[in-house]
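The FMN binding site annotation in Swiss-Prot covers 10-15, 78-80, 113-119, 134 and rests on sequence analysis. If you look up Swiss-Prot, you'll see 12 marked as NAD(+) binding site, on the strength of sequence analysis. If you look up Swiss-Prot, you'll see 98 marked as substrate binding site. Per Swiss-Prot, domain 'Flavodoxin-like' is recorded for 4-190, and the stated evidence type is sequence analysis.
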């Protein structure tokens with residue numbers, strides 16, 4: 001049975017919610033799924049003053065954990081059109097795995113959030129995907145089999161490069177049913193691909 005890691009960073013809980021949806025989809029496909037998060041870099045007093053969501057259930061991942069999975073699905077919020085420093089710091093430590101080719105052939109995917117529709121969703125997805133390709137991974141996005149990608153009836157995240165959500169400038173908007181559906185769909189497709197490749 002394929003093993004899937006949903007690895008994320010979430011300051012305010014939006015990506016945590018998306019990560020849970022991605023994991024639901026992967027489990028639906030029959031994979032064994034773990035959800036883990038990367039370490040926080042912001043000092044606790046500043047994170048608390050900034051109203052970060054610090055009570056997240058997922059355990060903290062280590063870089064060595066990456067070797068134990070057939071698929072790794074990475075989610076993080078957007079900072080100025082790119083991945084957060086927390087996720088970048090974590091992935092930058094995977095040089096040893098990269099040098100040994102440990103991640104070659106594993107399946108990967110990306111998901112993100114932005115404050116607005118035009119806040120850098122696709123550039124952030126590409127910054128995750130670039131890491132996955134350097135690791136030698138097989139990248140799977142959110143294909144148009146998910147009909148919610150083409151909706152014009154609502155403000156909605158989502159891209160063929162990965163599931164996304166829009167949070168609003170103050171973070172008040174939570175992932176919509178359509179966005180969560182996209183996350184579940186992507187998780188399922190990635191897990192199905194991992195099962196085909198790795199059993």
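Backbone N, Cα and C define each Cβ position, glycine as well.
Taken as a whole, the domain 'Flavodoxin-like' (4-190) shows an average pLDDT of 97 in this prediction. Following the DSSP three-state reduction, the secondary structure of residue 98 (substrate binding site) is helix.
Under DSSP, residue 78 (FMN binding site) is assigned to a strand (E or B) in the three-state scheme. Residue 13 (FMN binding site) and residue 98 (substrate binding site) have their C-alpha atoms 30 Å apart, to the nearest angstrom.
Taking only the Cα positions, the spacing between residue 119 (FMN binding site) and residue 12 (NAD(+) binding site) is 17 angstrom. When other Cβ atoms within 10 Å of the Cβ of residue 78 (FMN binding site) are tallied across all protein chains shown, the result is 24. Of the binding-site residues 13, 119, 119 has the largest number of other Cβ atoms within 10 Å of its own Cβ.
Packing around residue 12 (NAD(+) binding site) is summarised by its Cβ count: 17 other Cβ atoms lie within 10 angstroms of its Cβ, all protein chains included. Close to residue 10 (FMN binding site) in the fold, though at least 6 residues off in sequence, lie 16, 17, 19, 37, 53, 56, 75, 76, 77, each with a CB less than 8 Å from its CB.
Between the CA atoms of residue 78 (FMN binding site) and residue 12 (NAD(+) binding site) there is a gap of 12 Å, rounded to the nearest whole number. Other C-beta atoms found within 10 angstroms of the C-beta of residue 113 (FMN binding site) number 29, with every protein chain shown included.
Put simply, of the binding-site residues 98, 113, 116, the one whose Cα is nearest the Cα of residue 12 (NAD(+) binding site) is 113.
Under DSSP, residue 119 (FMN binding site) is assigned to coil, being neither helix nor strand in the three-state scheme.
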